[in-house]
Amino acid sequence: MAVQTLKDLLDAGVEGRTVLVRSDLNVPLDGGEITDPGRIVASAPTLRALAEGGAKVIVTAHLGRPDGQPDPKFSLAPVAAKLAEILGRNVQLAGDVVGQDALARSEGLTDGDVLMLENIRFDPRETSKDEAERVKLAKALVELVGDDGAFVSDGFGVVHRKQASVFDVAKLLPHYAGYLVGAEVEVLAKLTQDAARPYAVVLGGSKVSDKLAVIEALAPKVDTLVIGGGMFYTFLAAQGVSVGNSLCEESMIETCKGLLDRYADVIHIPQDVVVADSFSADAESKIVPFDKIPDGWMGLDIGPESVKRFAAILTGAKTVFWNGPMGVFEFPKFEAGTRGVAEAIVEATEKGAFSVVGGGDSAAAVRQLGIPDEGFSHISTGGGASLEYLEGKELPGIAVLEG
């Protein structure tokens, strides 16, 4: 990665300098409580290194989709509190993004202080398609930092977005890749350029349309592509099988037919499914062969025979990439498929395989199921960004660091 890194910045000395850090702190909340602090934990090393080096650290991040205006339920207050706990030092929270409070607090910072700006997406310019609007916000962020400031990009989950705090601000300040962004790119480069064989990919999630580009990109390059989750039922429909009330993207059926024809030796789909009579945690359920889904029932997980088959593939692999759960893991009755796949990947890792969990719902599933992060070589913090990287797309937030 031909970019300046956080190590370069620290080696040059940060004492007394103000450093703006774009972190990815977009964690799940339930009633204001953080249910999975994984992204905050992953962001802490960069922030800790800067603060301990004597920098005045200003953190910018988003939470949820607040529609370009302040919304109390998307305040970063619980995130700032959790970050303070993890860092073991005070984290101030500004009452605005680049307004009077943010400016006053930034001017009052002393060496080693950490200031978090309020949710950057409270400002509509952050995600504007109008470059001039984004640049105005980027300049306001630079004003908080001052003339000898620096920018550290450490929010891997947003580097595929051309947004003010990710892309435009990097053009206005000396810019560096944080520890997290550097590690993520290194891992993904290994998956694309240096993967040990056999190479197995597991894709789940609800929609084929969300994963089509990555299927097209990876199918010619891997040994096995395992398909599960809600999108599997569109592949079933492509084989002329009735899927009952299961999720199915009618518009993608022909595309799935083409994929199954072209990559018959590579694509593996479940042979049995766990079906339910309704979408609920306490629905009546049963295990049926893939071609015997009853009318009015829906598939909510892969079945035990499929778990066995997939586990045999995965435990024999030397490289594994997993993105997307196998079923509705949030309901205990339908978590077994996702758990079985996760445990098989852990076993492969114990045997020496290089395993990557591709962020998003997969990372949430791993943690909800109580499987230690250490069971995998790497858990990505960026679902969409990791997929776009594997698709071969340019990531604006990385490209600008290379410029």
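Note that Cβ sites are derived from N, Cα and C of the backbone, with glycine treated the same way.
As written in Swiss-Prot, here are the features:
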type	residues	note
BINDING	D24, L25, N26, R39, H62, L63, G64, R65, R121, R161	substrate binding site
BINDING	K211, G299, E330, G359, G360, D361, S362	ATP binding site
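Annotated features, which come from Swiss-Prot, shown on the structure.
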{"residue": "D24", "record": "substrate binding site", "Cβ neighbours (10 Å)": "24"}
{"residue": "N26", "record": "substrate binding site", "Cβ neighbours (10 Å)": "23"}
{"residue": "H62", "record": "substrate binding site", "Cβ neighbours (10 Å)": "26"}
{"residue": "G64", "record": "substrate binding site", "Cβ neighbours (10 Å)": "15"}
{"residue": "R121", "record": "substrate binding site", "Cβ neighbours (10 Å)": "25"}
{"residue": "G299", "record": "ATP binding site", "Cβ neighbours (10 Å)": "30"}
{"residue": "E330", "record": "ATP binding site", "Cβ neighbours (10 Å)": "14"}
{"residue": "G360", "record": "ATP binding site", "Cβ neighbours (10 Å)": "21"}
{"residue": "D361", "record": "ATP binding site", "Cβ neighbours (10 Å)": "20"}
{"residue": "S362", "record": "ATP binding site", "Cβ neighbours (10 Å)": "31"}
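Around the Cβ of K211 (ATP binding site), 21 further Cβ atoms fall within 10 Å across all displayed protein chains. Using CA atoms as reference points, the binding-site residues K211, G299, E330, G360, S362 were checked against H62 (substrate binding site), and the closest is G360. For the substrate site listed in the record, the two most distant Cα atoms among D24, L25, N26, R39, H62, L63, G64, R65, R121, R161 lie 18 Å apart.
In this structure, S362 (ATP binding site) is part of a helix by DSSP. Between the CA atoms of K211 (ATP binding site) and N26 (substrate binding site) there is a gap of 22 Å, rounded to the nearest whole number.
Each residue contributes its Cα atom, and for G64 (substrate binding site) and E330 (ATP binding site) these two points are 20 Å apart. The Cα of N26 (substrate binding site) lies closest to that of G360, out of the binding-site residues G299, E330, G360, D361, S362.
Secondary structure from DSSP puts G299 (ATP binding site) in a beta strand.
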